[in-house]
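Here is what Swiss-Prot says about this protein:
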type: BINDING; residues: THR67, ASP142, GLU202, LYS232, ASP236; note: substrate binding site
type: BINDING; residues: 203-205, ASN237, 266-271, GLU289, ASN324, 345-347, ASN390; note: NAD(+) binding site
Amino acid sequence: MVAAPTTATELKLGVDCVIADINQAAFGRKELDIAETEMPGLMALREKYGTEKPLKGARIAGSLHMTIQTACLIETLVELGAEVRWASCNIFSTQDHAAAAIAAQNIPVFAVKGETLEEYWEYTHRILEWGDGGSPNMILDDGGDATGLVMLGSKAEQDITVLDNPSNEEETFLFASIKKKLAQDPTFYSRTKAEIQGVTEETTTGVARLYKMQKSGELPFPAINVNDSVTKSKFDNLYGCRESLVDSIKRATDVMVAGKQALVMGYGDVGKGSAQSLRGLGATVCIAEVDPICALQAAMEGYRVVRLEDVVEEMDIFVTATGNYQVIRNEHLEKMKDEAIVCNIGHFDNEIDVASLKGYEWDNIKPQVDHITLPSGNRIILLAEGRLVNLGCATGHPSFVMSNSFTNQVLAQIELFTKGNEYGKEVYVLPKHLDEMVARLHLDRIGAKLTELSKDQADYINVPVEGPYKPDHYRY
């Protein structure tokens with residue numbers, strides 16, 4: 001059940017926004033206060049740059065899960081001088097009290113947990129629309145939807161036929177929203193694109209979209225790949241998923257994980273964390289992989305590496321973590337045992353062929369938990385309609401690990417906004433010394449004390465005493 005959106009007029013905030021309930025703002029503020037104690041990186045950036053305000057003049061269109069942790073990110077960007085407009089990058093991931101806390105500060109936010117796809121694309125458009133008729137000059141993206149909207153809309157201005165044949169439900173609503181906007185303002189997207197100085201991207205999926213544009217020569221502005229900062233991918237993707245996956249499964253189903261047979265599809269950083277998560281609670285975990293290196297890693301960690309087709313009838317829990325398309329298809333779904341749990345922790349909902357299940361009997365148990373009766377008579381439990389389970393059925397990653405990721409995001413925004421003319425129309429990563437700085441900012445909070453190199457030791461391994469300590473090609 002979607003909460004009725006509350007408009008800014010009703011709130012009398014003097015700011016345009018769409019949220020579920022402004023009365024949750026006080027609750028959101030209390031949780032924000034707790035989160036700040038677990039986000040030392042962001043707090044350090046506020047202290048370091050708060051007076052200087054390096055983002056003064058930045059107009060940031062933010063498309064990223066509207067959680068309590070994201071609210072801390074937003075407040076940091078504003079503290080550093082930026083103007084911000086924000087939408088969630090997933091229809092189920094918003095925490096309504098977090099959105100209310102941001103709206104109460106007169107920051108434009110457009111996010112409601114359980115929003116429709118039509119609303120989702122409307123809200124993504126809203127972050128590109130400044131009240132004075134201007135445009136954003138920066139994008140902070142998660143999954144690439146805001147960047148992709150600007151790019152596809154620009155193409156449609158030149159050739160409307162690119163919107164003729166949507167391939168799925170998501171594209172149907174996306175294409176309709178672009179057509180609607182073009183009817184109102186035929187040059188909206190090209191004007192917006194021309195103003196963008198750079199984009200910073202949070203996720204593996206969004207980064208892949210950026211590299212694809214770079215390869216084809218279509219990338220119109222510099223981009224920073226935040227995902228491949230070591231302090232993002234090796235922490236958020238791995239340790240974040242290690243805690244949030246089982247949290248979401250247990251909140252959704254109350255199932256006992258110990259003793260269950262679980263299959264994790266994909267053994268990248270997200271898959272590694274997911275496998276550890278399930279094993280840690282006593283599940284017997286198998287891995288499905290296409291990459292021989294990742295498959296060998298899984299085998300060496302003691303996981304059984306299998307093909308989905310060979311074990312689909314045995315597994316109690318299925319988790320997709322690939323970032324790919326149609327990983328679990330209808331022929332697999334129909335063979336699953338009774339009460340098998342099916343979920344996705346990759347970015348988009350098309351890893352599982354949810355569309356093929358629409359003709360079956362659905363019984364909604366509670367928000368984002370559905371029983372689906374298969375032709376065999378067996379029922380499977382689908383979580384978050386195949387979208388991100390840890391944000392749909394729980395609250396995502398813990399604050400501490402998100403501080404790593406979001407500290408990288410702020411540094412990337414500062415870098416592109418203040419030095420954008422030094423970058424070409426390519427995808428970059430943050431330099432190693434900033435990666436190490438992000439890690440250093442988080443050590444005190446967990447009581448970690450660094451050993452220091454002597455000058456002789458540093459010379460012996462040919463690194464500066466103060467770092468960086470590893471070459472760029474080092475894999476960690």
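All residue numbers here begin at 1 and follow the chain in the order shown.
For all residues, glycine too, the Cβ spot is worked out from N, Cα and C.
Quick caveat, the model's predicted, so the values are computed rather than measured.
What Swiss-Prot annotates, mapped onto the structure for a quick look.
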residue	record	contacts (Cβ under 8 Å, 6+ apart)
THR67	substrate binding site	SER93, THR94, GLN95, ALA98, LEU391, THR395, GLY396
ASP142	substrate binding site	SER63, LEU64, HIS65, CYS89, GLU201, GLU202, THR203, GLY206
THR205	NAD(+) binding site	GLY143, GLY144, GLY323, GLY346, HIS347, PHE348
LYS232	substrate binding site	GLU202, VAL226, ASN404, SER405, ASN408
GLY266	NAD(+) binding site	ALA288, GLU289, CYS294, THR320, ALA321, THR322, GLY323, ASN324, VAL327, GLY346
GLY268	NAD(+) binding site	THR204, ASN237, CYS294, ALA321, THR322, GLY323
VAL270	NAD(+) binding site	THR204, ASN237, LEU238, CYS241, ALA321, ILE345, GLY346
Quiz item: Max Cα distance spanning THR67, ASP142, GLU202, LYS232, ASP236 (substrate binders), Å?
Solution: 17
Practice problem: Taking the Cβ of HIS347 (NAD(+) binding site) as the centre, count every other Cβ atom within 10 Å, in any protein chain shown. | Solution: 23
Exercise. Fewest other Cβ atoms within 10 Å: which of the binding-site residues GLU202, ASP236, GLU289 wins that one? Let me know.
Key: GLU289
Quiz item: Across all protein chains in the structure, which of the binding-site residues THR203, ILE345 has the highest Cβ count within 10 Å?
Solution: ILE345
